[in-house]
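Swiss-Prot has this to say about the protein:
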type     : residues         : note
SIGNAL   : 1-21             : signal peptide
DISULFID : C28-C45          : disulfide bond
DISULFID : C128-C147        : disulfide bond
CARBOHYD : N158             : N-linked glycosylation site
BINDING  : D170, D194, D198 : Ca(2+) binding site
CARBOHYD : N191             : N-linked glycosylation site
ACT_SITE : R250             : active site
CARBOHYD : N293             : N-linked glycosylation site
DISULFID : C306-C312        : disulfide bond
CARBOHYD : N354             : N-linked glycosylation site
Amino acid sequence: MDSPCLVALLVFSFVIGSCFSDNPIDSCWRGDSNWAQNRMKLADCAVGFGSSTMGGKGGDLYTVTNSDDDPVNPAPGTLRYGATRDRPLWIIFSGNMNIKLKMPMYIAGYKTFDGRGAQVYIGNGGPCVFIKRVSNVIIHGLYLYGCSTSVLGNVLINESFGVEPVHPQDGDALTLRTATNIWIDHNSFSNSSDGLVDVTLTSTGVTISNNLFFNHHKVMLLGHDDAYSDDKSMKVTVAFNQFGPNCGQRMPRARYGLVHVANNNYDPWTIYAIGGSSNPTILSEGNSFTAPNESYKKQVTIRIGCKTSSSCSNWVWQSTQDVFYNGAYFVSSGKYEGGNIYTKKEAFNVENGNATPQLTKNAGVLTCSLSKRC
């Protein structure tokens, strides 16, 4: 637990998480000092496109007591064993753990990973986590760092599918493929081989909130590739996250689909903050952008694949209530005419960007103790 990556994770998470905030997700549950007796209340607190995510609510509590990993025949008490069961489970941890997976871990539907009350690290030079062809998964309170590429090997996908060969993977920290109703909240992501969060292959109904992203170049990819137009159905909410320090680009980088980027705090980037190709709809609202010092890096946005300056002028990229520092600026285009993007259940109040540092100051893994509010 004394590697430079782990020390950095602890330092940044302490600095970001030292005070209480009142964004609508946190105010739903964080004031309750008895949260540990009512863990599943968390499932009622999501907002945005992933607000219907149930995770393991209504299922049994499953406690991880063993940090070991067997990709094919996981032992009871290990994380992979709980993740691959074919029933709803709310997965908690008996204490602090550093879990180095031997192969990518696939999560079955209707699961919650709830790291509150422990410091749970996944990565450490091993492959990380996949959510593929399932629905209703909540990932909360984990450190995902140092995720690496994997080799060809057999993996237990879940109880129904059994063991299947899994091809080498790129080393993303968290990958969503053809996944629906997913909520990723209050995690700390850094230092992985490829991306930190990838949402692809018609994944939709996703909320990514209250996370800390730092020390990484390619942060978040939404949309598989420019040839995969089925991602037009993708809807993702990116809200109350802290991007930085030391993030390069893709916060997010979108293809097709609809992305609402709301009340996120951006430290200076090295390439760009928000980008995309293949005509995604990007609605930026109430964010705080601080540009790097270099004069040629002030633009928040980058449009990729435009053959001429006018060929992307009809893309709907809108900025409302954003605030800009150190010369940052957002290039808007198009006009959104789709009406309300959210149902009544999904909708949440978005503050002016001036309030965003307060709303995001607890982004990342929280420090939660029994009988005390997080």
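Backbone N, Cα and C atoms are what each Cβ position is placed from, and that goes for glycine too.
Feature map: annotations from Swiss-Prot on the structure.
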residue : record                      : contacts (Cβ under 8 Å, 6+ apart)
C28     : disulfide bond              : K41, D44, C45
C128    : disulfide bond              : L101, P104, M105, I122, L144, C147, G171, D172, A173, L174, T175, S192
N158    : N-linked glycosylation site : T84, R85, D86, Y106, A108, V134
D170    : Ca(2+) binding site         : T149, S193, D194, G195
D198    : Ca(2+) binding site         : D172, L174, T175, L176, M220, L221
R250    : active site                 : G195, K218, V219, M220, L221, G275
C306    : disulfide bond              : C312
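Annotation note: N354 (N-linked glycosylation site) sits in a helical segment as assigned by DSSP. Listed in chain order, the residues near the Ca(2+) site other than D170, D194, D198 are Q169, G171, D172, T175, S192, S193, G195, K218, L221, each with its Cβ within 8 Å of the site Cβ centroid. Local packing around the glycosylation sites N191, N354 was summarised as the count of other Cβ atoms within 10 Å of each Cβ; on this measure the leading residue is N191. Ranking the disulfide-bonded residues C45, C147, C312 by the number of CB atoms within 10 A of their own CB puts C147 at the top. Of all the recorded positions given, namely D194, N293, the one with the smallest number of surrounding CB atoms inside 10 A is N293. N293 (N-linked glycosylation site) sits 21 Å from N354 (N-linked glycosylation site), counting Cα to Cα. Residue pair N354 (N-linked glycosylation site) / N191 (N-linked glycosylation site) shows a Cα separation of 29 Å. Classification of D194 (Ca(2+) binding site) by DSSP places it in coil, neither helical nor stranded. A helical conformation is recorded for C28 (disulfide bond) in the three-state DSSP classification.
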